[in-house]
Amino acid sequence: MAAAAVADVGAVSQAPADAANEAAEGFSGSSSFAELGVDSAICEAIAAVGWSAPSKIQEQAIPPGLAGKDLIGLAETGSGKTGAFVIPILQRLLQSPQRLYALVLAPTRELAYQIGEQFEALGASIGLKCACVVGGIDMMQQQVALARKPHVVIATPGRLVDHLENTKGFSLRTIKFLVLDEADRMLSMDFEEEINQIVQLLPAERNTYLFSATMTSKVRKLQRASLKDPVKVEITHKFATPETLKQHYLFIPAKFKDCYLAYLLNEVAGQSVLIFASTCNGTQKVTLMLRNLGFQAICLHGQMPQPSRLGALNKFKAKARNVLVCTDVASRGLDIPSVDVVINYDIPTHGKDYIHRVGRTARAGRAGVAISFVTQYDVELYQRIEHLLGAKLDAYPCEEETVLVMSERVNEAQRIATIEMKEAAENGTGIKRGRYSRDEDGDGDGEEGGEKRYKSASRVQSGGRGGGRGGGRGGRGRGGGRGRGGSSGGRGRGGSSGGRGRGGSSGGRGRGGSSGRGGRGKRS
């Protein structure tokens, strides 16, 4: 979300100052946002984004928020909690328009952008101006956005502290609202020091909204330090999963995980699928393997650059790709609509992570399916999850013989994916150097004129790692890249003329050259 330049504060219209208090005092369970006391201009924006009625947490949080109370919201993902704090902030901004009015802290870049999108969608008609301040984006661009003094700043804690220390003229002295979204996750990511530093720089006279999936000891400590006489709103059941979610497990040998994954994706062809892996490296390898098998897969993990992460997420949301392979960076907070199937390729080590993962599907009353792979190494972790849920999951029905028919194709796809990973690491385009690909969305397709992914056919680069198996299999030479079937010298580091290799073209030490088995030739 770019920091869009919109109307000045003067363009923000006024609303009756006492309307919020009247609505809060008379609230007893409403069926519309207007009955909660929400201003008509905001109600029109709410209708435009397709919200027909308030969710449970919005029903309970909006009235005290409009009445000027601090809030603690305990709600599961997908409950509508973002709207529960966006709407009161917009209404209060209508009453007292000013710049740098609200600050929202979020644990991840993707969630920060998503919150910003909701602010902009609901606040466009009243001239709202937002700035999103997260890592992975140029600091100077963000400094320009902050210099324009937006109404709302949405930030990750680390990058906000960077600006507070280094951006001249930027301060939080005028902030009237602080929102701590997914506070438990921020604290588990060791942002406690940054959050405390930010809170100390805020005015004492402000409203604070704290939203969390769980109430941990760290969250309680933050609550005591940040909130005054808060209203507690709880719309969650401990370790609950959606009622419309069908949960299954597959007990499989570890060496056949990819065969079972390919089988399942064929079974649910055309549906939207989230696949969770435990490591960044694992997500990348699984994605490449699936794409070599012809699936429209894309990956999302924490070591991808920010434009790639956003691009991958947007492609999946727009249905340009129907398979998203990700780490737990996508398990909480992100608004990914209409996910049909969640596959736990790797079992999570913590039961709560399982709840958040499978909660990506069966949202807002829709049906969904979650399937967890359990190998011989995962039995203990899986038993913990069943104990946490208090229920035994059903086995997913499938025939092993049918699955293993694909083993040869899957093995070849794995082999090619391994080659691709190795090349990416050597060329500095892999996650070892913090860059996943040269394109903007992380799916590895590349820009026009760039290289596409490896295929079994030849792909030779002058001075780079070549591809294919044409032209003989070369040995080692100097002067170029390492590859199979290079143009002259074959698999070698260059092997172009002379060099040490098999199949060298000009006097190289090799087999199968133009003049048979040659001896040691001099470099030409």
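Heads up, the Cβ atoms here are built off N, Cα and C, so glycines get one too.
Please treat TrEMBL annotations as automatic predictions, because they have not gone through curation.
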Residues flagged as motif 'Q motif' in TrEMBL, choosing from 31-59, 89-117, 176-204: 31-59
Helix, strand and coil counts within the motif 'Q motif' (31-59) (DSSP): 16 helix, 0 strand, 13 coil
Need one number: mean pLDDT over the motif 'Q motif' (31-59). 92
